[in-house]
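See below for the structure under consideration.
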């Protein structure tokens, strides 16, 4: 029981940072994606059905219903939401007093509002993960930030209310669901590359937006790729149950294993804010004692431990050794690890069958739910015990009300999350308590809990499919239309764009996996290029002069499907090599019967007229001015500027802020009432200086 005050602050700052990146990244793409001349105009999604305003808001929960009252269309309302969300997230990241329940509620509501009109470009798992994590931040954030000089006189470590750390447990449960399900679906998908341990021999070159480091990782030895797949299964399937281990060192080992995996993914792939958000969730595995020791603030003289504590420490050590030994034996046994001493390699193979894994999954899915329930029960009991230590009848009554509300919300969120978690094992899903199903169904549209499963199948085994757009004026001479981020020119190195997500580039990757009819938005993209809409062109090339048809739109547009591979070491000036496969989209022009048929089929031909807005609307003019100032900047540059700004302000805060630790260092423990000081320090013997200061203030 080392406390979770510092991890909670890290969590809230991390959520604010991710919201900052998500809103800023989306803002730069709104005109091309959702504007009146965009690929999927947002106004098509919000059409009043003649229902009451509250019923309409509940069924389609978005604040954009109020945009007309401000004199804005839906796309302009979305711009306003993302701008306000960016500023609010920046404030919460920099100012402790803005890490407030209402601030995170507004951030969550704004992103949920955007997702309601985002259509296919906001249907990614990390968008759902951000919504779920953002709502957990609402529960974790305090309703009132205590003063640095006056902590609330309540029981618990560092003067915290009894219920303070209870909702934070939900972040750990979410991290468990995310990682465990992501590991399980790789095997339940029956993907031969995951079962054959060869997935990473294809992954680095076939992922959506690789980084330059992916080229080097792709050319690592095959045996190391296979071993990396084994390590992935170990980290995603075997390690997550340790999130709830009673020994804190096991939880810390699980923490560092998850951090290692996410950092390696960040190095080799541009996965926008997803890996950063996962790292934010891993803070739920930390405690105040560990963070204080990391900062060098937890150095205390060691005192001889009593024999019960020594016995407990020995038991924890034996448990850790048993767990590590079991993990090592299970990995070596189930993946047939063998060392080849002659070639200094490590061979691996899968020694279990799909049927055996399915039976194992059926056997463990329900127990993992019980494991989560047992861990939550322990957290509730700890909170209840802390409540019994609250002095005063009125204060105890007030904290009991708070604990009841927070505890009920935590249990309800846990029950809701069981339904999407059970999707990975159908028989367990059918045996769930019907009350959990009803509760989940009532709030499903709010995306409070979601199912996850990343990298389910490995694509591009025979070569990375890539769609290349081409334009022409005479239908004989074709010019390629190169995107800023996705692979095109074989001589251009892969870019570094995270935490920005170029959503059109991502959807182009998905479109290449099937026929163009599976991606209706692609037909709208072709129409926008034929019409020369600048907002859409800026999604392809932010510097319009680099777009080959910036002076006059092409008369004809077509698309070809290629297969791309990373170049081999030694090939000068090339990062990729490619081979033409087939025609992806036929040559069309404005008025072409083929194009008109597709537009009518997908509902793009008949577009609702744009609502007239007053040109004198001050808010609309302000939005236009902000857009004009920021449009010359590429999105990665804008986000880098935000990161540097935050870093500079942080440095200034550190240099100009108060330094109480130096002043209070000569006062480690007042002489009067030493017994009380000892009792209050017991729950967190290695806590931070701020914790010890709180204990002194309470005396």
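Backbone N, Cα and C atoms are what each Cβ position is placed from, and that goes for glycine too.
Just so you know, TrEMBL annotations never went through curation; they're auto-generated.
Taken from TrEMBL, the feature transmembrane segment covers 75-95 (among others). Panel annotation: around the transmembrane segment (75-95), residues 12-13, 16-17, 19-20, 23-24, 26-27, 30-31, 34-36, 38, 41-43, 63-64, 66-67, 103-104, 106-107, 110-111, 113-114, 117, 613, 619-620, 623, 626-627, 642, 646, 649-650, 653 of the same chain, lying at least six beyond its termini, place a Cβ under 8 Å from a Cβ of the stretch.
The transmembrane segment annotation in TrEMBL covers 102-126 (among others).
The annotation transmembrane segment is assigned in TrEMBL to 166-185 (among others).
Positions annotated as transmembrane segment by TrEMBL: 227-247 (among others). Under 8 Å from some Cβ of the transmembrane segment (227-247) lie the Cβ atoms of residues 172, 175-176, 179-180, 182-184, 186-187, 194, 197-200, 253-254, 257-258, 260-261, 284-285, 316, 319-320, 323, 327, 330-331, 335, 337, 346, 348, 368, 371-372, 374-375, all in the same chain and six or more residues away from its ends.
The annotation transmembrane segment is assigned in TrEMBL to 259-281 (among others). Among residues of the same chain six or more beyond the transmembrane segment (259-281), those with a C-beta under 8 A of the stretch's C-beta atoms are 10-11, 14-15, 17-18, 21-22, 25, 125-126, 129-130, 133, 171-172, 174-175, 178, 204, 207-211, 213-214, 217, 232, 235-236, 485, 495-501.
Look at TrEMBL and you will find 310-332 (among others) tagged as transmembrane segment.
With a cut-off of 8 Å between Cβ atoms, the residues of this chain six or more beyond the transmembrane segment (364-385) that come close are 1, 162-163, 165-166, 169, 172-173, 176, 180, 241, 244, 403, 407, 410-411, 414, 418, 421-422, 424-425, 428, 431. Per TrEMBL, the feature transmembrane segment maps to 364-385 (among others).
Under the heading transmembrane segment, TrEMBL lists 397-421 (among others).
For the domain 'Lipase maturation factor 1/2 C-terminal' (448-586), the number of residues in each DSSP class (helix H, G, I; strand E, B; coil) is 33 helix, 34 strand, 72 coil. Feature annotation from TrEMBL assigns domain 'Lipase maturation factor 1/2 C-terminal' to 448-586.
The compositional bias 'Basic and acidic residues' annotation in TrEMBL covers 660-676.
TrEMBL lists 681-690 with the feature compositional bias 'Low complexity'.
For the domain 'Lipase maturation factor 1/2 C-terminal' (448-586), the model's pLDDT averages out at 94.
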